[in-house]
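Heads up: the structure comes next, in structure tokens.
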Amino acid sequence: LTGVLDDCLCDIESIDDFNTFKIFPKIQKLQERDYFRYYKVNLKRPCPFWADDGHCSIKDCHVEPCPESKIPVGIKAGSSNKYSKAANNSKELEDCEQANKLGAVNSTLSNQSKEAFIDWARYDDSQDHFCELDDERSPDAQYVDLLLNPERYTGYKGPSAWRVWNSIYEENCFKPRSVYRPLNPLAPSRGGTLHLIIYFAFTGESFYTWLEGLCLEKRVFYKLISGLHASINLHLCANYLLEETWGKPRWGPNVKEFTRRFDPVETKGEGPRRLKNLYFLYLIELRALSKVAPYFERSVVDLYTGNGHEDAESKALLLDIFRDTKSFHMHFDEKSMFAGDKKGAKSLKEEFRLHFKNISRIMDCVGCDKCRLWGKLQTQGLGTALKILFSEKEIQSLPENSPSKGFQLTRQEIVALVNAFGR
């Protein structure tokens, strides 16, 4: 893959050099640190769109949750958006202040009314989220050690997996229903032979002619989802179950599977487009990291696990990565998005956010627990990147020595952002 990417002024060779020599070795080290390796996730949330009939029973689909004793004390003690020692210690004080504020509005407020006020505040906080977030207080939410549950091919495939991706592309990519373009001609058809004729008609250039006719924002949305799909498929090809003898599985690269999904000839020119969209996704997340640096440069953010020495090293490494991201000279320019008339731009941005939020909900329909874990994490990571890119003013006006009310990241969002970019 070579040359310039569409919709930005960046070439693939520059990204490869920058990532290989500057970013990737440091990101790998960061992902191994306690703060970033433990991710809390609810893998038992029901699919909100259809009866979940495709649950994977293959043993490699299983995710091993982390025993409570293994979780660093600073991570399990803190609530979702407390990432410094001071913030953890001040939680009770905050709760007390919150109760006083509510009481000060009207001393005759019932407990039910006070709860309603808190719910409204939560609702307001959720308005800048691009993802449906798990309720971390749910008894079904468990910590998972990402290093012990790597993303790889588990054997989960077929109609259940197609259904998830078809739903993502067909219902959430700003596409009129007249342009039907399923992911696989072997997927359940809409009308037999006629369906296949329509499929092959839109697999070629006519689909991309239609795509190029969309506004920048809608093209970006499609490319991000396609890039995410390519990323997941690449990791399945790179870490594939090659053989299992005497109960000892051997994992490694499956070149045949990679060729089937990405080779220009086998995919009728589709494969290189998918890979270009992966590079585009990389640029978007890289841009978000460079933009969010001021949030983490403040002394109030510690990446708190309870181990002071490791926490300091983790933050130093993260800030070093931010310095590298800022040095990249061909960033995607997000200012070109939603730049039309204010009313139309606001409406399109909200539509963009809701489409993406819907995709995060579809991840609860993935039947394989390991695939669901990595799907949810990478979707939340991309959602966090989008949240950052659309919050530039709030980030620039952050207070130095106190938590921000205008822009916040939970620990879950931070972990998802770093690990998604690492992928």
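Here the Cβ of each residue, glycine as well, is placed from N, Cα and C on the backbone.
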Which residue in the list Cys237, Cys371 does TrEMBL annotate as forming a disulfide bond with Cys368?
Cys371
Candidates Trp165, Ser226, His229, Arg261, Cys371 (recorded positions) - the one closest to Cys56 (disulfide bond) by CA:
Cys371
Fewest other Cβ within 10 angstroms of its own Cβ, chosen from the recorded positions Cys56, Cys61, Cys368:
Cys61
Give me the non-local Cβ neighbours of Arg261 (FAD binding site): same chain, 6+ apart in sequence, Cβ-Cβ under 8 Å, ordered along the sequence.
Asn233, Cys237, Thr267, Gly271, Arg274
Just checking the binding-site residues Arg152, Trp165, Ser226, His229: which sit within 10 A of Cys371 (active site), CA to CA?
Arg152
The record names Arg152, Thr154, Trp165, Ser226, His229, Arg261 as the residues that bind FAD; what is their largest Cα to Cα distance in Å?
21
Set of same-chain residues at least 6 away whose C-beta sits under 8 angstroms from Ser226 (FAD binding site):
Arg273, Arg274, Asn277
